[in-house]
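Engineer: Okay, here's the structure, questions in a sec.
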């Protein structure tokens with residue numbers, strides 16, 4: 001098969017998770033430079049997508065194991081790297097929010113929603129297109145996290161709700177598409193957002209005085225005055241403050257599969273039908289963008305509608321193709337390579353950068 005000449009990098013089966021992430025990590029610096037980023041894994045059931053994105057799975061559980069850090073996948077490693085990059089920035093200038101969503105049978109479920117007792121359970125949500133033409137999920141749970149450990153705890157909770165079903169190809173087959181989103185909010189200060197920042201000491205002082213704009217979890221001791229009135233300095237600080245949001249979307253797609261090969265029946269067969277239709281819709285979207293058609297069919301599937309801004313919008317997109325090496329899976333492997341070929345043919349022009357100021361100590 002000659003598809004591989006189209007791809008940026010091909011890994012053999014002996015290469016480590018470290019080697020894979022080494023090629024992913026440079027993309028994450030773009031987040032703090034003002035770009036949105038999306039990383040997704042595509043391939044047939046049992047080809048290694050969830051291992052690539054998350055790492056080893058715990059037996060009898062949808063959560064992933066963090067015992068052997070060398071085995072961790074892109075999602076936990078990417079989060080660790082994001083917090084490492086943030087730690088090099090001025091304190092209090094960033095915060096991170098997380099959402100965990102699955103698309104199951106063409107419905108979107110919020111895996112971080114809680115009931116009245118605080119127990120996590122999946123709640124059905126809908127995806128809409130805003131007036132600005134962006135995709136949005138109203139009422140989606142966004143949890144603020146301060147480090148990678150808190151993130152892993154949250155994602156593991158959500159993963160326990162993810163739908164799985166055994167097939168002849170894979171005993172723990174994911175029956176839904178998983179979308180983990182990190183939203184990084186940057187607090188920017190300065191009279192002229194397009195050219196400069198105030199000096200670092202002034203910036204830190206203003207950070208404390210406008211802490212009321214931060215999520216409750218981020219405030220700690222930086223609370224507003226008990227009198228409830230705003231001082232002139234606080235008002236001035238608020239006027240000089242700007243929030244810039246960038247987004248990292250990490251996607252573990254459900255496996256494409258041949259019904260005859262997987263041997264599923266009943267409810268699992270219905271799941272397979274929805275999975276294959278949504279993946280076909282994703283391929284159609286990529287094809288429409290590659291051919292520069294006037295209409296791109298994002299709304300043909302909840303998956304493509306949800307990923308609209310990442311696949312065809314304002315984001316740097318990386319697709320990880322997972323291929324099963326067995327001869328009996330040749331048809332599925334060729335199909336996966338065909339999907340990757342479509343993805344490589346997409347030309348979206350230069351990805352737009354968020355309006356970040358240039359950090360400078362000079363006014």
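Note: Cβ is positioned from N, Cα and C throughout, glycine not excepted.
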Engineer: Kindly point out the range from 173-193, 194-214, 215-235 that TrEMBL annotates with region 'Disordered'.
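Structural biologist: Range annotated as region 'Disordered' by TrEMBL: 215-235.
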Engineer: Taking 43, 46, 48 as the binding-site residues to compare, which has the smallest set of other Cβ atoms within 10 Å?
Structural biologist: 48
Engineer: Long-range same-chain neighbours of residue 47 (ATP binding site), Cβ under 8 Å, sequence gap at least 6?
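Structural biologist: In sequence order, the residues whose Cβ lies under 8 Å from that of residue 47 (ATP binding site) (at least 6 apart) are 255, 322, 323, 324, 329, 336.
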Engineer: Other than its own, how many Cβ atoms are within 10 Å of the Cβ belonging to residue 44 (ATP binding site)?
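Structural biologist: Counting Cβ neighbours of residue 44 (ATP binding site) within 10 Å gives 24.
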Engineer: Which of 45, 50 has the fewest nearby Cβ atoms, counting only those within 10 Å, among these binding-site residues?
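Structural biologist: Ranked by other Cβ atoms within 10 Å, the binding-site residues 45, 50 bottom out at 45.
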